[in-house]
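Features reported for this protein in TrEMBL:
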type	residues	note
DOMAIN	13-142	domain 'Galectin'
DOMAIN	169-289	domain 'Galectin'
Amino acid sequence: PATYNPPVHHIPYVSRISGGLKAGKAIFIQGSVPSGCESFVVNLKCGESEGDDIAFQIKPQFSSDRMVLNSRQHGSWGKEEKLELPLKQASGFDLIIAVNSENYQVYLNGSEVGRFQHRISLDRVIALSVGGEVSVTNVAFTEVTLSTDAQCGFGQNCCENANYPSIPYVSRISGGLKAGKAIFIQGSVPSGCESFVVNLKCGESEGDDIAFQIKPQFSSDRMVLNSRQHGSWGKEEKLELPLKQAIIFNLKVYLNGSEVGRFQHRISLDRVIALSVGGEVSVTNVAFTEVSDKPLLHIFSDCINAAKNDILP
């Protein structure tokens, strides 16, 4: 089971890790970085005091577009390990640190970005801290088993993606849609948002048939699923909406990691060739992938369910 801390309203943030750190544990942090952010840090520490050893530090540096990984023992920093930074200013993020016996695996917005070999024994790590120019909404700890090739929240690499597309967004799905294909959308909805739509379509034009539409409606707290053929809408299927205004989301047609519903095919999959997104929504990432399992799904499900989808401070 996952455990979670109350929504984080103040940075720097320091929290003791209940039961300490061990292989098979994962830490989930959801937050956002403001425009003009230079850097922030996430530390796994051997104590809650400022001068305690740091077993693992993640430091995104926006001036150099690098993510710096390091450790500190007895006041001395070790050798830096630098990775490309897949994060932009003025954007939200989901950060997962998965712990195994040999290293820490770092996932940012669903994709593995790097690994860091242990320099300090796991049994010494008892605290998490976050500092710098960052806002954090949720912090959660959970037990997890990760596949070694997890990418984009799925078991295989993303075959194509789009970053920060403009809205309305329309994209042809390379190779069309078929069983075993998955679509990952990350974005955020502003305060006062009434609705937005995600469509799987039979063409890129406005009037083309829609095989599947997802329409979150915040006024009624419902997610409406439907299809449109020859200009006529089918019967609506309504679900409870597990999403709030002013929050970052991941849509897989799982929402924030939890399955929210299923929709029976009304239009043959071989006709579906396009994805569109419209309405009051900002989209950070869109990715298409082949998938046979969902190794990160259980992390998001446990952690975000536990964190109750709290609104950004």
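Cβ atoms are placed via backbone N, Cα and C, with glycine included.
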Over the span of the domain 'Galectin' (13-142), count residues by DSSP class, listing helix, strand and coil in order. 3 helix, 78 strand, 49 coil
Take every residue in the domain 'Galectin' (13-142), average their pLDDT values, and give the whole-number result. 91
